[in-house]
Amino acid sequence: MKMIYVLFLFALLSFTSHAAVNDFCVADLKAGNTTNTFNAALTSAFVADFPGVNGLGVSAARLDIAKGGSIPMHTHLAATELLIMVQGQISAGFMTPTALYTKTLKPGDIMVFPQGQLHFQVNSGNGKTTAFLAFSGANPEAQLLDLLLFGNSLPSELVAQTTFLEVEQVKKVKARFGGRG
């Protein structure tokens, strides 16, 4: 009789998780190269580069931000983000249509960014920062506002008109993000 219970439990568990058919992987979350426009690096363990999360509904990443660096305004359309501070200091926040939520995070602090909310992280300390991120999806996708606005081929005049910036400012930022027009 005990064998029937064990087999039933095993069958139940195997049907409730898609992960049972996947290989196991160990992430290599090394510090990323922060010599770029944002002075920041994201070393991801998303489904595309870490197949072990396939079917689990979660993913993770390591975030490194050099002094003076930032992760600009962005959203994750496919996941909520949980940030866990490890080293340094980050000023982080997100916006809703009616409110702004900001917090200065230090090692051991945690902040949650709801799915789809525009949010940011800025190194507000005196050295490099390190944090780990957990996402409620295997591929959280990110849409960076700066790249959406300035890394495109929309005419600079149109971007200026819709952002209330001067055309010359738009052209300068477009050059930084590879935009044309």
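The backbone N, Cα and C atoms fix where each Cβ goes, and this holds for glycine too.
So that you can see what the record holds, here are the features copied from TrEMBL:
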type	residues	note
SIGNAL	1-19	signal peptide
DOMAIN	27-171	domain 'Cupin type-1'
BINDING	His74, His76, Glu81, His119	Mn(2+) binding site
BINDING	His76, Glu81	oxalate binding site
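In the predicted model, the domain 'Cupin type-1' (27-171) shows an average pLDDT of 93. The Mn(2+) site is defined by His74, His76, Glu81, His119, and by the 8 Å test on Cβ atoms against their centroid, the other residues of the chain that qualify are Thr75, Phe94, Phe113, Gln117, Leu118, Pro140, Ala142.
All protein chains included, His74 (Mn(2+) binding site) registers 20 other Cβ atoms within 10 Å of its own Cβ.
Helix, strand and coil counts under DSSP for the domain 'Cupin type-1' (27-171) come to 22 helix, 57 strand, 66 coil.
All chains included, 24 other C-beta atoms sit within 10 angstroms of the C-beta of Glu81 (Mn(2+) binding site). Cβ neighbours of His76 (Mn(2+) binding site) (same chain, under 8 Å, six or more residues apart in sequence): Phe113, Gln115, Gly116, Phe135, Gly137, Pro140, Glu141, Ala142, Gln143. For His119 (Mn(2+) binding site), the count of additional Cβ atoms within 10 Å of its Cβ stands at 23 [all protein chains shown].
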